[in-house]
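According to Swiss-Prot, the protein has these features:
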- Arg176: active site (ACT_SITE)
- Ser226: active site, proton donor (ACT_SITE)
- Glu296: active site (ACT_SITE)
- 31-197: domain 'FAD-binding PCMH-type' (DOMAIN)
Amino acid sequence: MSPMAERLRSIIRDPGRIRRAEPLKRHTSVRIGGPADYLVEVADRHELSRLLRLAGEEALPVYILGSGSNLVVSDEGVRGLVLRLTGEFARIAVDGSTVRVGGGCSLPKLAHQASRRGLGGLEFACAIPGTVGAGLVMNAGAHGGDMAQVVAEATVIWGDGRMERLCPGEIGFAYRSTRLQGTSAIVAEVVMALRPADRAALEGAMRQHLNRRRATQPLQYPNAGSVFKNPPGDYAGRLIEQAGLKGERVGDAQVSEKHANFIVNLGQATARDVLTLMDRVRSTVERRFGVRLEAEVKIWGHNPWFPP
């Protein structure tokens, strides 16, 4: 056992929660990605703090893996620690119309549990295949709703192990972004202020959202969700389609014929294929319409096309 593996085992007693050289394509919705040096399932804040301390001592990069649904990982993979939040980070506690939820909880699971209790405000999240923490950091949204509308407070753990409670103003919500993006902040818990609502109406609204998703998105192929953010006053998908790029292909990566702001994996696509195609789409749209699209997907590892 390597010295690093031994140190990880001193923190994570269950060896089944530590995987070495784990291919990340197994953990991303687009089914692309090279190996992580270590993929570690973290069950509580104590483990997380100790892992962050270890990473700081060893100068290791740290990545937080949610559902892997809006993520492209380089073919070379990533160095350091990839952490998946489980255990206490997936819990949901309801007190009246206030919900406390861990950053590792699934957004669709949370939306459905809220509706079953007659709590509204999260219907938009039923079709967003991500976690609460990732959704907060990018201010995920759909169907006219977003995280900014429901978040009352967030507890984050910084890369140096400090814990801090943040109000919405400190989080800095904006369209598909917050001030937490690009920082070391890890979302441990979120407090949400929901509203009492009719359960049948909530479930009906969510059925509509899910049916619309099935009708408009290429769910039959692995994909990473919306590739580009919508520019002000327009839609990325419309611009890409008007540029004649539906069906455009690099290797096994293809601009979806169903929704132009999705890139699908036809079978053996690589991260290089996807990022080369994204760059081609961005360049073509900018040349045709004078609009420079901004990536919505997160990109880990080697990435000369879309630098942070």
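Note that Cβ sites are derived from N, Cα and C of the backbone, with glycine treated the same way.
Positions of the features from Swiss-Prot, shown on the structure.
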residue: Arg176; record: active site; DSSP (3 states): coil
residue: Ser226; record: active site, proton donor; DSSP (3 states): coil
residue: Glu296; record: active site; DSSP (3 states): coil
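Comparing Ser226 (active site, proton donor) with Glu296 (active site), their Cα atoms are 7 Å apart once rounded. On the 0 to 100 pLDDT scale, the domain 'FAD-binding PCMH-type' (31-197) averages 96 in the predicted structure.
The local packing around Arg176 (active site), expressed as other Cβ atoms within 10 Å of its Cβ over all shown chains, amounts to 17. Around the Cβ of Glu296 (active site), the same chain contributes Asn70, Met138, Arg176, Gly225, Ser226, Val227, Phe228, Lys229, each under 8 angstroms and 6 or more positions distant in sequence. Its Cβ placed at the centre, Ser226 (active site, proton donor) has 20 other Cβ atoms within 10 Å.
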